[in-house]
Amino acid sequence: MPKRTDIQSVLVIGSGPIVIGQAAEFDYSGTQACRILRAEGLRVILVNSNPATIMTDPEIADATYVEPITPEFVEKIIAKERPDALLPTLGGQTALNTAISMHEQGVLEKYGVELIGANVEAINKGEDRDLFKGVVEAVRAKIGHGESARSVICHSMDDVLEGVETLGGYPVVVRPSFTMGGAGSGFAHDEEELRRIAGQGLTLSPTTEVLLEESILGWKEYELELMRDKNDNVVVVCSIENFDPMGVHTGDSITVAPSMTLTDREYQRLRDIGIAIIREVGVDTGGCNIQFAVNPDDGRIIVIEMNPRVSRSSALASKATGFPIAKIAAKLAVGYTLDEIPNDITEKTPASFEPTLDYVVVKAPRFAFEKFPSADSTLTTTMKSVGEAMAIGRNFTEALQKALRSLEKKGSQFTFVGEPGDKALLLEEAVRPTDGRINSVMQAIRAGATPEEVFEATKIDPWFVDQLFLIKELADELAAADKLDPELLAEAKRHGFSDVQIAEIRGLREDVVREVRHALGVRPVYKTVDTCAAEFAAKTPYFYSSYDEESEVAPREKPAVIILGSGPNRIGQGIEFDYSCVHASFALSEAGYETVMVNCNPETVSTDYDTSDRLYFEPLTLEDVLEIVHAETLAGPVAGVIVQLGGQTPLGLSQALKDNGVPVVGTPPEAIHAAEDRGAFGQVLAEAGLPAPKHGTATTFAGAKAIADEIGYPVLVRPSYVLGGRGMEIVYDETRLESYIAESTEISPSRPVLVDRFLDDAIEIDVDALYDGEELYLGGVMEHIEEAGIHSGDSACALPPITLGGFDIKRLRASTEAIAKGVGVRGLINIQFAMAGDILYVLEANPRASRTVPFTSKATAVPLAKAAARISLGATIAELRAERLLPANGDGGTLPLDAPISVKEAVMPWSRFRDIHGRGVDTVLGPEMRSTGEVMGIDSVFGTAYAKSQAGAYGPLPTKGRAFISVANRDKRSMIFPARELVAHGFELLATSGTAEVLKRNGINATVVRKQSEGEGPGGEKTIVQLIHDGQVDLIVNTPYGTGGRLDGYEIRTAAVARSVPCLTTVQALAAAVQGIDALTHGDVGVRSLQEHAEHLTAARD
């Protein structure tokens, strides 16, 4: 039946900041849905607090609210916009939980808003573990297959301890209700572990409910993606098999689509169970994902869980099959049925045809354990990966090897040279699942392990183990051959070996292997993803490489621009860079170019087949990019390759591309070197007469000590050429400097360590600007709230700046122009300054799109990334002003006085990591970046904007209750005024003895509490950590002492994370929070859409 006519406007809830377990895939699905709903003529209202997303661009929805996703704020938006319906299934767990709580509070009923896409009953049946158990039992009664693991529901610690007895002892699995990414879940092997995991699970579950179940470790794990409409048509979009057996969260496992090791009968059985479940739960206007465990010994099937919403797996399934689940879910939600929706890719077949694949897809996760040295790297049922890469091949080995090299991590590809090591040790290592387990398995095979031994140790299915043996046999053949002949080379390529691996095995250079390969005529062809195994013609060019016979790349007339994406998400290089690539693609298509996107990240908008004219789903290595350029050169004219938008990954390829004769447009490789290389950049600054903090480079401890002695401590030490501040540290004395140099393994004359003077108490400033060779456009000036020394990606910042005057902006503009000119930038540049005393120091310059571009663009209502792409291809700022792509006059440095103030706050993944003893990871910020995402708060005054940013990132600031203060000596003076403000707002202050003394002398009363190290008092007085755990503290201010992680502070901050109490670790954040608390208690906090803000800014500019 056709579209419903009673719905005129829809509110879509996004997923908020990127956290582990809920990443860019929801931006992809939300963007798809908003476009579809608007195309259907509905008014779309969107709420999402994350500015780095495409979906929060003003052109995607009719009214875009960058506001915290909390029931209070969403209610304000509903009251203002009065939508007819609410679609909550595209924003992950955040959106689902918000919608459910608004339904329960009666808000939806009060304003007459209908929930579409999933009804409350279906959501509860899918999410509530007890109800879902009932669903599985009902299905078993009907079709005779499928069961749940034996389990017990618990609401308290006593229930939990009894439950273990019922299930027959340890190990048991703990799973909380209504959480995502496996938060709070885990395997408990004894009582101590059980108390820890279940205690955290009860806290995290919004319904204080956990499920204990029998352990099914080592079983095979599968997933099905299904869709159902209200006429009861069901399609199975895709089957996915996990390479790792049960016990590793599916988001952390290598996964394969379609599933490889199921017999036809087993697959039909899973299908039958899946279809029966989606009917029983009652999902009738959308998609869902169901996870199964199969016992390899007797084939017993257990249904683990389902998600009645668009999930991480559905983004993967969409990219793997070309079947756009989110788009179709949005159409089903407004009344269409599957047989009425055409398949975009073939245009001939309806969405009720199930996709069939004539290729294999492998997804590999990307981790960031190097950022949290104390974290436990064992993989469990709690998701820990921060990103993923996907690859497509004609067989499993090709897809697997391509996926591993797409991860761009040292040591992620299989290596076949050097001694493998001891077989017994390697097999023992492979028992514990970690992010490098597949490499340990390969080394064990090289050391002589048998397939049976590998299976015993890892429980990885024998078929997969056999495939690993196949790869190893080919490597042996490559090593033993007299010379590389075309047959052997082609065979190696068909199994996914890269030129780098072949060169390593043969003891040659990569470029020599490539020359031989080209001379022998061994080159890849490109195949199309067409959803139907080539039964119908595909209308959308979505390619993957393979060493096959015929190429499917069609010739074209228009000049092509190849945009290199940013690869898998990781800390320091996330969705913000994808945002710039997508914008470039839109802008260049409009300007008449054929846009070609190269990327391997399945979560993103850039790898959607309708973002660019052609999409290559390929690894971002030199070899793969050169082959794509070659294929596109044969198809028609190539204007050039853009490397400045995808972060550090494509930037690192620019020189090599140029050396291979590929035109790099925009900022040339020489300019990138001038900004990245310390010596060259120092020269640019010297010529422009700009001060930088005193610095030097060293390759030994003696050299570093000499520099530090001359500059004076504290110093900032870091390796060269890194993104996200990897390996940076503030060093306060000589002994720590010595151990830092000793721990840094990668020091060499070509990669020295940089030693800078560290500016204490300086204001850090970030500038994003455009330069076309003649004119500078200042995009925005951001003032950091935390002091210099905290990585800019982790610091909160305000735009327009809140304490800088007109004169300061003039100086910033002149310095930025001098640097852009001196470096030779064409397009975007990001510069970090520090203001200490009255001197403006230059910290560093990045000749590329930075992670603040989306935030700056939204705060000033100017599409910077679009403008940068046009400048790369020769447009001038004057021309873009004439086209109104940039404002006709003024720029981000001359914003009107009543411009709204935007605050960006970083979101950290502390709660996901534990060390091996189960303790938390310390939450102190430093020069190494650790945040996974960001939120934005926007309002007419700073206090409210800051309060909104905190509510969006960590939950609302408290407006009453007890505040605990304990600060380092250097912070005691600056803490007095904010502390007095807190008392004025009616807070009761708690403090440790030293801080309480200073407060008392200044006339502020504070109750003294005991430190953790002092233990309980004689009368049973609790320590501060116990008070926090008992929920008796509402706000914590705790600044660390030097770099020594004094245990007191560590214990306090870890307790704060466990109980979700706001914890401020700098005095600057405290001062901002006080302004926020003030704004919350005095004013009525309103909401305005980005479109209203933009209208206001444009009117003021003209």
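Each position is counted from 1, following the chain as shown.
Placed from the backbone N, Cα and C atoms, the Cβ positions cover glycine too.
Feature annotations, reproduced from Swiss-Prot:
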- 1-408: region 'Carboxyphosphate synthetic domain' (REGION)
- Arg129, Arg175, Gly181, Gly182, Glu214, Ile216, Glu221, Gly247, Val248, His249, Gln291, Glu305: ATP 1 binding site (BINDING)
- 138-334: domain 'ATP-grasp 1' (DOMAIN)
- Gln291, Glu305: Mn(2+) 1 binding site (BINDING)
- Gln291, Glu305: Mg(2+) 1 binding site (BINDING)
- Glu305, Asn307: Mg(2+) 2 binding site (BINDING)
- Glu305, Asn307: Mn(2+) 2 binding site (BINDING)
- 409-551: region 'Oligomerization domain' (REGION)
- 552-954: region 'Carbamoyl phosphate synthetic domain' (REGION)
- 682-873: domain 'ATP-grasp 2' (DOMAIN)
- Arg718, Arg757, Leu759, Glu764, Gly789, Ile790, His791, Ser792, Gln832, Glu844: ATP 2 binding site (BINDING)
- Gln832, Glu844: Mn(2+) 3 binding site (BINDING)
- Gln832, Glu844: Mg(2+) 3 binding site (BINDING)
- Glu844, Asn846: Mg(2+) 4 binding site (BINDING)
- Glu844, Asn846: Mn(2+) 4 binding site (BINDING)
- 955-1100: domain 'MGS-like' (DOMAIN)
- 955-1102: region 'Allosteric domain' (REGION)
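Annotated features, which come from Swiss-Prot, shown on the structure.
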residue: Arg129; record: ATP 1 binding site; DSSP class: helix
residue: Glu214; record: ATP 1 binding site; DSSP class: strand
residue: Val248; record: ATP 1 binding site; DSSP class: coil
residue: Gln291; record: ATP 1 binding site; DSSP class: strand
residue: Asn307; record: Mg(2+) 2 binding site; DSSP class: strand
residue: Arg718; record: ATP 2 binding site; DSSP class: strand
residue: Leu759; record: ATP 2 binding site; DSSP class: coil
residue: His791; record: ATP 2 binding site; DSSP class: coil
residue: Gln832; record: ATP 2 binding site; DSSP class: strand
residue: Asn846; record: Mg(2+) 4 binding site; DSSP class: strand
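In the three-state DSSP scheme, Glu221 (ATP 1 binding site) falls into the strand class. Neighbour count (other Cβ atoms within 10 Å of the Cβ, all protein chains): 23 for Glu221 (ATP 1 binding site). Relative to Glu844 (Mn(2+) 3 binding site), the binding-site residues with Cα atoms inside 10 Å are Gln832, the candidates having been Val248, Glu305, Asn307, Leu759, His791, Gln832. Calculated from their C-alpha atoms, the gap between Arg129 (ATP 1 binding site) and Arg718 (ATP 2 binding site) amounts to 48 Å.
Here the Cα atom of Asn846 (Mg(2+) 4 binding site) is found 9 Å from that of Gln832 (ATP 2 binding site). Closest by Cα distance to Leu759 (ATP 2 binding site), from the binding-site residues Glu221, Val248, Gln291, is Val248. Among the binding-site residues Gln291, Arg718, His791, the ones whose Cα sits within 10 Å of the Cα of Asn307 (Mg(2+) 2 binding site) are Gln291. Sequence-distant contacts of Gln832 (ATP 2 binding site), defined by Cβ-Cβ distance under 8 angstroms and a gap of at least six in the same chain, are Glu764, Ile765, Asp766, Val767, Ser792, Val842, Leu843, Glu844, Ala845. A straight line from the CA of Arg718 (ATP 2 binding site) to the CA of Val248 (ATP 1 binding site) spans 34 Å.
Note: the domain 'MGS-like' (955-1100) comprises 74 helix, 19 strand, 53 coil (DSSP; helix = H, G, I, strand = E, B). Cα-Cα distance from Val248 (ATP 1 binding site) to Glu305 (Mn(2+) 1 binding site): 14 Å (rounded to the nearest whole number). Note: Glu305 (Mn(2+) 1 binding site) has non-local neighbours Arg129, Phe132, Arg175, Ile290, Gln291, i.e. same-chain residues 6+ apart with C-beta under 8 A of its own C-beta. Geometry remark: His791 (ATP 2 binding site) versus Glu221 (ATP 1 binding site), CA distance 40 Å. When the region 'Oligomerization domain' (409-551) is classified with DSSP, helix, strand and coil residues number 73 helix, 10 strand, 60 coil. Note on Asn846 (Mg(2+) 4 binding site): other Cβ atoms within 10 Å of its Cβ, all shown chains, come to 21. Counting every protein chain shown, 21 other Cβ atoms lie within 10 Å of the Cβ of Arg129 (ATP 1 binding site). Taking all protein chains in view, 21 other C-beta atoms sit within 10 angstroms of the C-beta of Leu759 (ATP 2 binding site).
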